[in-house]
Amino acid sequence: MFCIQCEQTIRTPAGNGCSYAQGMCGKLAATSDLQDLLIYMLQGVSVYATKARELGVINPEVDTFVPKAFFSTLTNVNFDDERIIAYAKQAAEYRESLKNAYEAACEAAGKRAESLPPVAQFVLGTSKPEMLSQAPVALLNKDKNEIHEDILGLRLLCLYGLKGAAAYMEHARVLGKTDAEIAGRFHEIMAFLGEPSVDADKLFTTAMDIGQLNYRIMAMLDAGETEAFGHPEPTVVNTKPVKGKAILVSGHDMKDLELILEQTAGKGINVYTHGEMLPALAYPAFKKYAHLVGNYGSAWQNQQKEFANFPGAVVMTSNCIIDPNVGQYSDRIFTRSIVGWPGVTHVIGDDFSVVIDKALSLDGFQYDEIPHNITIGFARNALMAAAPTVVENVKNGSIKHFFLVGGCDGDKSERSYFTDLAKSAPKDSVILTLGCGKYKFNKLEFGDINGIPRLLDIGQCNDAYSAIQLAIALSQIFECDINELPLNLVLSWFEQKAIVVLLTLLSLGVKNIRTGPTPPAFLTANLAKILEEKFGLRNTTTVEADLKTMLNVA
């Protein structure tokens, strides 16, 4: 086992990364090894998908399968070995199908089929023990003693960034949005990563390419969400329980939320969002459901306590899931799509009857708690509509600064930095937030500036696209570069979606971003120095020191 993809990973003087029997996230060594093997199989599929594409052969099923299966290896998504094995076997079948199609296309074109790299020729074992014995060939640091540590760091930056992009591709696909050109570029990068490069310049360029690709993917996902559910609008949301039977929907998948709302209508069940599903409450399409009563709980790392106290059924539509046995609610939590946990019921298809029956069998909340409201829904359309008013307040001096503070949340005590930063931001500044990092301060009161709320909740982590659009619009209005705006980005990272959002921002030329609370363990000191020199990327320090720098206070 070697896994170094999230903030929780082990860091020691002898080296970084989870190994031995179990990772810090709870992932067993066998699961980690099987996930590495799955990635290796998917890279082989992408090799053939790329070669076949050159001859006009495109398999749409493969184009959607590879990102989806890749997503299953993201932090806190799938801990079920049998599900990972099934994905690997399916990858082998798709690769064989593409191989045959490629060779047939070569023959039809009168050309000789190329000899492809080992990753495209690997023969997957037929049993779990055999697959585990094959794991060393797919180990991400298998050649660490032969290469410079910076090369390994760059490879992992690319791999984890592409994994985040794959997650957004799958979110878009669920909403009916795919793009053959995006899929083709995705396969090219997967294939490239399947042949471990030692070219630092090529790897760095690839990292920026992944960022550019993800910008297009986020635009596609934004279109999927807004076309399906309308544009988010400023909305007041209750964060306290309401009396009645209950279902909690966590993750990111709004299509699943819609299905659950449709199937629970008239059944006396209240539905709550959790974590990154909170932004759904701002979409017009969901406001017709009176039994969508609010948001329960906070960010993913608190779920073992929050889910244990939730007297209903819980549905995990995507990341993040952690051990449900700790809070003894494994019999009433359900997984969907790429999510998996051993022994937890997995809902296949669009019938949520098993979830509904479980919710009806449970007590639900016995009384209404005193409401606590927050305001959400300041996504792209709402931000653009407010832009003229914002500009006027900037010009008259009422608004002097903007902070984008968001990203992933986590359980490190150092993350209090983000709470303290938001609370310490000057009263003439506006704070934009997104992702589950918002839970560090989104229930606090920040007031307004001439009617403009000082805290603007943009949405999910992928709604960084909305923030980018606002920054572009403001830079055009003020006729300046994005980096000349009175705007500072402070991003909290935990896993691979945050990595690809960061790569997207860097690829667009956004500079002087701060990330924290700790830098990714796979980034060497030398790589961190290069990123600081090239982009001004730096780690957070203290709120007082960082604010002085950001506000240009001597």
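Keep in mind that glycine also has a Cβ here, set from the backbone N, Cα and C atoms.
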Of Cys436, Cys480, residue recorded by Swiss-Prot at the hybrid [4Fe-2O-2S] cluster site of His252, Glu276, Cys320, Cys408, Cys461, Glu495, Lys497: Cys436
Cys461 (hybrid [4Fe-2O-2S] cluster binding site) to Cys6 ([2Fe-2S] cluster binding site) - Cα separation in whole Å: 16
Lowest local Cβ density (other Cβ within 10 Å) among binding-site residues: Cys3, Cys18: Cys18
Environment of Cys3, Cys6, Cys18, Cys25, the listed [2Fe-2S] cluster site - residues of the same chain whose CB lies within 8 A of the CB centroid: Ile4, Gln5, Gln8, Thr9, Gly23, Met24, Lys27, Ser32, Thr75
Cβ-centroid neighbours of hybrid [4Fe-2O-2S] cluster site His252, Glu276, Cys320, Cys408, Cys436, Cys461, Glu495, Lys497, 8 Å, sequence order: Gly275, Trp300, Asn319, Gly435, Gln460, Phe494, Ala498
Binding-site residues (His252, Lys497), the one with most neighbouring Cβ atoms at 10 Å: Lys497
